[in-house]
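See below for the structure under consideration.
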Amino acid sequence: MDWDWGNRCSRPGRRDLLCVLALLAGCLLPVCRTRVYTNHWAVKIAGGFAEADRIASKYGFINVGQIGALKDYYHFYHSRTIKRSVLSSRGTHSFISMEPKVEWIQQQVVKKRTKRDYDLSHAQSTYFNDPKWPSMWYMHCSDNTHPCQSDMNIEGAWKRGYTGKNIVVTILDDGIERTHPDLMQNYDALASCDVNGNDLDPMPRYDASNENKHGTRCAGEVAATANNSHCTVGIAFNAKIGGVRMLDGDVTDMVEAKSVSYNPQHVHIYSASWGPDDDGKTVDGPAPLTRQAFENGVRMGRRGLGSVFVWASGNGGRSKDHCSCDGYTNSIYTISISSTAESGKKPWYLEECSSTLATTYSSGESYDKKIITTDLRQRCTDNHTGTSASAPMAAGIIALALEANPFLTWRDVQHVIVRTSRAGHLNANDWKTNAAGFKVSHLYGFGLMDAEAMVMEAEKWTTVPQQHVCVESTDRQIKTIRPNSAVRSIYKASGCSDNPNHHVNYLEHVVVRITITHPRRGDLAIYLTSPSGTRSQLLANRLFDHSMEGFKNWEFMTIHCWGERAAGDWVLEVYDTPSQLRNFKTPGKLKEWSLVLYGTSVQPYSPTNEFPKVERFRYSRVEDPTDDYGAEDYAGPCDPECSEVGCDGPGPDHCSDCLHYYYKLKNNTRICVSSCPPGHYHADKKRCRKCAPNCESCFGSHGNQCLSCKYGYFLNEETSSCVTQCPDGSYEDIKKNVCGKCSENCKACIGFHNCTECKGGLSLQGSRCSVTCEDGQFFNGHDCQPCHRFCATCSGAGADGCINCTEGYVMEEGRCVQSCSVSYYLDHSSEGGYKSCKRCDNSCLTCNGPGFKNCSSCPSGYLLDLGTCQMGAICKDGEYIDDQGHCQTCEASCAKCWGPTQEDCISCPVTRVLDDGRCVMNCPSWKFEFKKQCHPCHYTCQGCQGSGPSNCTSCRADKHGQERFLYHGECLENCPVGHYPAKGHACLPCPDNCELCYNPHVCSRCMSGYVIIPPNHTCQKLECRQGEFQDSEYEECMPCEEGCLGCTEDDPGACTSCATGYYMFERHCYKACPEKTFGVKWECRACGTNCGSCDQHECYWCEEGFFLSGGSCVQDCGPGFHGDQELGECKPCHRACENCTGSGYNQCSSCQEGLQLWHGTCLWSTWPQVEGKDWNEAVPTEKPSLVRSLLQDRRKWKVQIKRDATSQNQPCHSSCKTCNGSLCASCPTGMYLWLQACVPSCPQGTWPSVTSGSCEKCSEDCVSCSGADLCQQCLSQPDNTLLLHEGRCYHSCPEGFYAKDGVCEHCSSPCKTCEGNATSCNSCEGDFVLDHGVCWKTCPEKHVAVEGVCKHCPERCQDCIHEKTCKECMPDFFLYNDMCHRSCPKSFYPDMRQCVPCHKNCLECNGPKEDDCKVCADTSKALHNGLCLDECPEGTYKEEENDECRDCPESCLICSSAWTCLACREGFTVVHDVCTAPKECAAVEYWDEGSHRCQPCHKKCSRCSGPSEDQCYTCPRETFLLNTTCVKECPEGYHTDKDSQQCVLCHSSCRTCEGPHSMQCLSCRPGWFQLGKECLLQCRDGYYGESTSGRCEKCDKSCKSCRGPRPTDCQSCDTFFFLLRSKGQCHRACPEHYYADQHAQTCERCHPTCDKCSGKEAWSCLSCVWSYHLLKGICIPECIVGEYREGKGENFNCKKCHESCMECKGPGSKNCTGCSAGLLLDMDDNRCLHCCNASHSRRSQDCCDCQSSTDECILPAREAEFYEHTKTALLVTSGAMLLLLLGAAAVVWRKSRSRPVAKGRYEKLAEPTVSYSSYRSSYLDEDQVIEYRDRDYDEDDEDDIVYMGQDGTVYRKFKYGLLDETEDDELEYDDESYSYQ
């Protein structure tokens, strides 16, 4: 029975239990894999073998011995522990980990390791006794008898004499058969052991299946003996071969470490053909011991040259495994070898990854030939396969290379392999050449190994430079990996260029450490792109990997960047492709990643290492798919950017294919370039595409594919999008333009550690979030713990951690005690009741109080006398009794003492104080003076004035390591609200009204009722404007409901007043009154009862069940009327009815007097019962007044009717010409029909129409009129005033008119608009500007014209260019951020009424240079002569209070303070920390050591250190000290300091000066420009360097920066202005055909078809040029391609464009809107021109500089004006020199001979051109919605425009690509057209 599992498990609506269980088992299988613990331990013990034995014995272990070559690592065995257990061991022996000498211990876990051969189940082993040499095909690829086209050239190496002699190779496997005839001759016992059996014999364990044949097979490939007529030949048949048996048992970390480190000084090469399971779901690698063994091996193996480890890459191809999940092949220390089949095709078992270094042969399909080698039981096999066969083959080739050069290091070997391996005929679809020129593949690494090339390279090899390791840690920011999407992270690496010991310039290995959490690891794919563009696949999707463990610091490695440069942008991409087995869409997270770059700082290859690669294989040419790109008509050289395919011309736009990348121009021409420019990314197939508008760099064109952002945007790295506001939990990092993550405990922040709001359970302490403990508790780093019972408050555990003591305890020397100790007394004098024990006077043994007069007992030898301790009568003061009873003199510093040393004082002279038995000048900083004695401060204080915790004067970290800060005499752990922790450990106040800050100038959070005001970040009172209310919770002004001028926080919708244009109703404001209300004087009033809509006069309609009657609502309409249910009105009954149910004559319910009711009809009682002729007409309803007048007229007519009742027909009324019953239908001449009656004159609101003969209504807004558009008086209402203008009524007068008495009158010139009277202007004509209602030619002083209105400059501003942008401040004020301030902020200094930034090292400064600092930005730096230094220079010391370097005393050479000399100047010696001369000499003398007497100074010196004139300290009057010499006048470069009588060096920028600072220059050095008294290499913004005068001259005030004084010399513009680059001008609003780029602050050209636009794309048009009309933002041509419109209206003709234009808007060559291929459009005069580097352009006067731009044409001629300007200085200087040399006559002669300078303009063409005015299309619907789509922002997207010709044919602009190019996102066609049938 066949089970259709696929259908069964995927069929919708069905859930089979067996299917579900099977899927669950598959998903949980990796999770349920059990660890097996052994009874073996690995232990690291310091102290040697004996110490290890002692510890092992103590805890019941047996010390088996050292683990391999790992020093201090030992193998312990415990016989009483279960041999194999799923639980780790417990018991007393586990206490070994607590031994001090035990540094590390690990119980060994069994690892699963798989041999990397493949056993074909159907193949029967065939054994041969004959020699196999002829059948070893992989040795004979060069003899043309085998399909393998590429040879490993092993015979070539043999012919050069290399066979592996003296090289030792060890096979790490299941043992080797050392007795095999092909192995026994080369067997090396020193390279062999049995780790599984713990002996030295590697012989395999034999069984019936011959399972342990693997190691013997691998060994035969390497070193099978040649010419012994037994079986086969090894690649290195004279090499020594050993084996380590380690796979035939439990494989643990210790087993592996022993194996890979076995006898490393003897073994050269270790070969391993095993690894973790190749099941497609395992992620495993070497554990700590094995990793250590690898590192030790490469560092110390082979006597420091490094062991060589060769590893098989893996056989998990069928399981879709990826060898990057194998930590052995993924290591930089191993050489990972893959396999290729004889045909060069990929074997089915092969895994691919970026760590594979090279390839050797193995088998492919089952029918392919396999590898011949030795086998168990002294036999041979021709069935060896898999990567297991490839690794030993590589080990053999490496052995040949090591024989050729035994001094190759382990890295040399890898370099040699990289340089000599080659692609050959190996078939892979991902071969690529990296930036260093190496061809590499994920399947085969650098290709097939070449033995001959390797030995040739090794012979002349020079050891590569030392390996450098650079760890580049990226920002740790978690990114969400969403299903079916990618996460990209970019990191700009420097290669550790700032650290010479770690600098990596040229790469070898690149390791990426990644931590990822994910619900299904197998769905992930990871890529890394190097700065050179080489893309490595670090991980591919793995179908069988269901693990939810993700990756934890897993190291992926790539060798694909070998030889490339390290510095630049590295891009990591993580893709999540959910599999069908994944039933949930939980996103993963990229938690962190880092780069480890391995390589060298210098080029690794010396000239002797240069070796040309030679392809040694039979080459059969494969047809190049690009051969179609011939260049039949062109035979010249191609542009360097063209590929080898060729070109059809010399320029980069003539390439048939590009070498690197290409642009597409507007006209679809492709230009080849070397790299994509900023704002673009490298798309597939060498194409440069544009990033999304907000991206600075990107990896795709969508808005969520940004890598960095433009200014003003921040990169949200989770979404890879650029946002203007970062999401919650992150902050705006302005320096990096990214959204940085707040620290873990922050809810909101302004920096990683600068929290402004904390998560639940935490409180803000300063700028960090931490736990706040209650009184009586302290925080130990994890939680709150109770203080010691003696403490009321504390900062740590124990009685010595108290801050205050509990009741009944007092503080003594930092501890809380119940009573004072001996020699202490209880002090009650402290403020606030604080009690403490203070030390007694030193003369007392015990005391009752302070001082020497409160003693209660005395020391031995002293007598108590009235509270004082007196010396006995034997000795005097200043003496003590020695042991012999004699009086001896105290040490000189003591007044009284009890011993001879300076520590035995008991009282001191008046100039000193007593401190612990010493008499000192001052108490140390941690003590305070009281009663001439030093007492310790409270332990929280650094300095103090008393013993309490509130008597501190300075703070530091306390004894518990807690940082403390001074606040009101207390040292606190955290500063209170409104203060910040400053340097010096003090809490300093924040700016006024600030609650949280980090310096005294910038506030982060204001107090309640205040808000932060940028840009200074100060707090101002929260004063809400009209229409806002103060939100107390968020402390900001929130808007009231729409229309409110005032409201309250309790109910923002309850308005106190309304804005203009809004109506008030029940405390709410409405744009229009709500239902059932009407507006009167901007108030809504309720309609009458039951009225649904009304005005102040009447109701318009009523609620259901009521009827409108006479302007009010009634339920019963009354007699003569009936309720019309449909209209909701009371309608009159027929005139015959008294009551009725409808208006018809037959709907009466009762009749008028004299009439009778008959079937609903009222009839005369005398009439026959037939319908009357006139009774079938209802009376029309009109306004009540009109109805009333008509009824009166009808009453008279009724009487007439009664009189003529006998007549059958009645005549019309006399006023009617014709009638319809009693109503007129038309009127005679002179009468007009109105309400079915004829009137002689029309009523108000109507006018007599001669044409219709009736009274026509005036327009609704007109009270009286004389014609349809001839209003005479407009309707006037209080809330709706209308004005009469030219016979029509308007709400406001048109431009140029003002309202007077309800009529629009003309404004007087030059008013454009006015109000109130003709001269009260609101705006002005032409160039006039408005100021206070008057139009002037220019604005008054301190004003600026903004949109034609004079605006006052900002406060304190002298001159401005915008109402918010000041250019020059009034005296005593300084310009900062476009505003004027009384003083400059921190990090700025005032200069020429401007705030100029300090150097980055300075917090405060008086100039821009690094030596102009007044306060350092880095608090750890020391300030010396304006410089911020790490340490103070010799002769100075650091003053801790202000971090300044102060000069040592004059005699001091080195000092630590002003009073502590450490070394003295010549002639002085240190005595008691002071430099003193042996003898005091006179001021004009010095001490001569030779004669031991004072000698006179030189006559030029005032004070000196020796006899010569260059040994002066000071100088006589009117001379000045220059270094150590006295001079009469200071030389140039120095200024004279008359106060100190010294020559002080000028600043390095000054030539002459008046002081040492950069702001005190009088003249500048050559090449510098003077600005005020400052010399600059480059003038600051607002100035330019004038080379003739050497000064910085002012730019025109319209420029922010410039190259000259004119308004056309601007290079950048101030805020609110935009630079028009082509003119060099700054514009407030961009001119016609340009739009304002708000980010770049430039005016950019619209698309050629746009007249006005919002962007440069073709779809951003707002209006169009002639011959185009607007449709959804695109200007569509009205003629077919190549033609333009001629004529207006619907009947127009289409004429052909000029031959140079592809599209145009008019005739001639200067009306082009699109160009043909190879031409670029000059936007300024709409011409199509060639590139200047094109051959045919050399004949043309004008051409485009395509090097500058490929998007539009830039004429080289436009540079002329700039160059002309820069040459001005040279011309002026030359003229001055000629004046001096030749005189006036020569100048006249020169002028007469001079020729006019050519101006940088264009020559007017003779061909006439017609200009066509632009117009706005009327086709744009008012309700048109332009939908935004997230799309590719590419420069050629707008080219795909479809338009229709006059004949109905639809045309399209087409895009052309290379013929071999296919793109999923874009179709490319030939010309096509469609016709509508």
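We count from 1, first residue shown onward.
Note that Cβ sites are derived from N, Cα and C of the backbone, with glycine treated the same way.
Cross-referencing 65-84, 405-424, 545-564, 1825-1844 with Swiss-Prot places the feature region 'AC 1' at 1825-1844.
Record note: among 338-359, 514-535, 1856-1877, 1856-1877 is the stretch given as region 'AC 2' by Swiss-Prot. Counting other CB atoms no more than 10 Å from each candidate's CB, the glycosylation sites Asn854, Asn1220, Asn1711 peak at Asn1711. For the recorded site, Asn804 (N-linked glycosylation site), the DSSP three-state label reads strand. Counting only residues at least six positions away in the same chain, the Cβ atoms of Val233 sit under 8 Å from the Cβ of Asn227 (N-linked glycosylation site). Spacing of Asn754 (N-linked glycosylation site) relative to Asn1523 (N-linked glycosylation site) is 49 Å (Cα to Cα, whole number).
Here the repeat 'FU 1' (632-682) is broken down by DSSP into helix, strand and coil counts: 0 helix, 15 strand, 36 coil. Summarised by DSSP class, the composition of the repeat 'FU 10' (1081-1123) is 0 helix, 21 strand, 22 coil.
Cβ neighbour count for Asn804 (N-linked glycosylation site): 19 (other Cβ atoms within 10 Å of its Cβ, all protein chains included). For the repeat 'FU 10' (1081-1123), the list of distant contacts is 1058, 1062-1065, 1070, 1073-1075, 1129-1133, 1137-1143, 1147, 1184, 1278-1279: same-chain residues at least six beyond its ends, Cβ to Cβ under 8 Å.
A Cα-Cα distance of 47 Å separates Asn1711 (N-linked glycosylation site) from Asn1317 (N-linked glycosylation site). Across the repeat 'FU 3' (736-779), the model assigns an average pLDDT of 78. In terms of DSSP helix, strand and coil, the repeat 'FU 9' (1034-1079) has 0 helix, 21 strand, 25 coil. DSSP labels the residues of the repeat 'FU 12' (1206-1248) in these numbers: 0 helix, 16 strand, 27 coil. Sparsest Cβ environment among the glycosylation sites Asn383, Asn951, Asn1523 (other Cβ atoms counted within 10 Å): Asn1523. Long-range contacts of the repeat 'FU 14' (1301-1345) within the same chain: residues 1273-1274, 1276, 1281-1286, 1290, 1293-1295, 1351-1353, 1357-1363, each at least 6 residues beyond the stretch ends and with a Cβ under 8 Å from a Cβ of the stretch.
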